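Shown next, in C-alpha cells, is the structure this report addresses.
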Amino acid sequence: MAGKPRSGCEALRVVARCRPMSRREEAAGYERVLELDVKLGQVSIRNPRAAPGELPKTFTFDAVYDASSKQADLYDETVRPLIDSVLQGFNGTVFAYGQTGTGKTYTMQGAWAEPEKRGIIPSAFEHIFTHISRSQNQQYLVRASYLEIYQEEIRDLLAKDQSKKLELKENPETGVYIKDLSSFVTKNVKEIEHVMNLGSQTRSVGSTNMNEHSSRSHAIFLITIECSETGPDGEEHIRVGKLNLVDLAGSERQSKMGAHGERPKEASKINLSLSALGNVISALVDGRSTHIPYRDSKLTRLLQDSLGGNAKTIMVATLGPASHSYDESLSTLRFANRAKNIKNKPRVNEDPKDTLLREFQEEIVRLKAQLERRGMLGKKRRRSSRRKKAMDGEGAVENEGEDDNEDGLEKNMENYLKEQKERLEEEKAAIQDDHSLVSEEKQKLLQEKEKMIEDLRKEQEATELLAIKYKAMESKLLIGGRTIVDHTNEQQKMLELKRQEINEQKRREREMQQEMLLRDEETMELRETYTSLQQEVEIKTKKLKKLYAKLQAVKAEIQDQHDEYIRVRQDLEEAQNEQTRELKLKYLIIENFIPPEEKNKIMNRLYFDGDEDQWKFQPLVPTGGNSSQMKRRPTSAVGYKRPISQYARVAMARRAHPRFR
C-alpha cells in the first residue's frame, strides 16, 4: 500500500485505568494497594506483604484515570485524536490489556443503552459518522469486520458458518490480512452497531471465579474508512484508514480461576498468546534483538503493524485496586511500562491500489453511462414520434419544453417506454382492423408487433435493474455535508476544536510537571548551601538514607522480577505439561488404532508450509503445475517423521507407569 512518508517516529501511547473496589472485595476485607495521581499521570502500587518502611513502586504514563473517571474523559482526551488521524488516512489501534475482571470490555464497549457509560467502540462509531456528515466535497466508504482468536484459531464472528477457521496471509504491499474475512458496508451508526451486536452474540464468553462474564477470546473489530476527494492537481485521491479496536482476553492464573472443563485449556491458550505479545514488546524495546517474534501467535501477527509498524497505537492498561490482585496489577504495570518505549512509524495510506471505493465509483460511472444512453435514446425517439404526429395532423405536441428539461433518468425512461408501448398497441389494433390485408400478412405483422412489445418489455426490465443497481451502489457512498446545516456544523467544529485544545493543554501541563520533578531531583544538590558543617552532615545523612532506600527498592524490584519470572515459568510449565499429556494420548491412539502402513502413508504426505507456518497434507493426486514441488516435499516430511515416531515409542514404553496414568 502506498503511503505518504512521515519523518521521525511516534511512541506508542499508554494510559492506565483503575476500576473501583467491587462489593465482593469490600466484603472480603481486602485493602486498597493502588494510588493514582491524575495530574502527574502516575500510578503507585504498595506491596501488602512488604516490610514496614518499604517504598511503593511508582510508574508514569501518558495519562491515568482513577475509579471516578468517566468514559467520555478517556475517549475525549486519549482516543479522539487517534480517530481523527484514522479519518485522515492513518492506521490506528486501540487495545485494552489487563487481568480478568479489571474492566477491559467495559472500557472498550461499556453499556450501550446508557450514553454516559458508552465505551470506546460506540463512541468511535458516533465520532466517525458525525465527521462524515459534517465534511464537504468528500466521498466516504465505511466497512466493518469482526473476528475473534479463540484457542489460537481465527473465527469470523459475522459469518454464517461459525465452525470455519480462517487463515492468515501476508501481502508485501498491504501486510498481514485474513483470507475470506467477511466485510459489511455501513452507512450510519445504527447499521455499524447492528454489525457489532451480531458478532457479540457469537463471541466466546464464560464464567470463572475472577469474572462472571469473562471474555475467553481476543476480539478485534476492524473498521476500514476510504475517503475520496479532489486534490490541488484536480485529480481524485483516495485515502484509506484502518482502525483496529481490540478487546483482549484477560491474563489469569489457574490457581485463582477455580474453573474446570474447557476453562483451564482456554486460559492456557490465552496466557500463551499474551506471553507472545510480551515477548514481542520486549524485543522491540530491547533494541539489540535482530528478530521480532511476531509469528509466535496469531494475535501478534495481526497486531504486527500496530507494534513498531505503520500505525498509531494506544494501550489502555486496566488495573484492579485490591490487595489480592497485587501480583497481577504489578505485572500489568510493568508490561505497560515496557510498551510505552515502542516506536511506530505511521504514514498516510494514500492512493492504494485495492480500494473498494474506487471500484464502486467506476461501477457507478459505468451504470450511469448506460442509463444515460438509454435515456437520451428515449428523448430522441419521443421527439421524432411527436414530430411525425404533428406532420400527420394528429394534434399539436404540448409541454415539449417541459419534457426536454427533465433531468431524472428514471422519469425519462418511464415516459419513453410508456409511449412506445402505447404506440405499438395502437399499431397492433390498426393491423387487426385493417380488412384489406391478407390473413397471412396480417398474422406476420401481428407477430412482429408482438415481438417488438416483448423486446420493449425486456428493455424495460433491464433498465429497471440498471436503475436499482445504480441506486444501490450510490447509496453505499456517503457524501459529506448533505444532511447537516452548515451553520450548525461550524459551531460543532469550533466546540470540538476548543475541547481538543483544552485536552492538549492538560497533556502538556502533565508532561511539564513530570519533567520538572525529574529536574528538581537532579538540581537539588546544586542549589543547596550549608550554614554549618553540622547542617551539611544532617542533610547528606538524609540523602544517604534516601539513596539507601532507593537501593533497597531496586533490590526488592529485582527480587519481585525474579519471583514473577518463576510464576510465569510455572504457568508455562503447567501449560506445557497439559499439552504433553494431550500429545501422549494422541500418540497412544495412533499407535494402537491406526495400522502402520496407513500411518506411513499419512506421514509421507505431510509437509511444512513456511508461508502459513503450519503442517499440511499433499493432495492425493498431484497437480501438473506442482509436480517438482511434490517431489521435494516428502523429504522434509520424512525428516520430521523420525522424532515423532521415536517420541511415540517412548510414550508407549512409559504409558504403564503410574505417573502417566
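Residue numbers in this text run from 1 along the chain shown.
Every residue gets a Cβ built from N, Cα and C, even glycine.
Your range for region 'Disordered', going by TrEMBL and the list 375-409, 480-514, is 375-409. Figure note: comparing Cβ neighbours within 10 Å for the binding-site residues Gly98, Gly103, the maximum is reached by Gly98. Within the set of binding-site residues (Gln99, Thr102), the lowest number of other Cβ atoms found within 10 Å of a Cβ is recorded at Gln99. Mean pLDDT for the domain 'Kinesin motor' (11-342) in this predicted model: 86.
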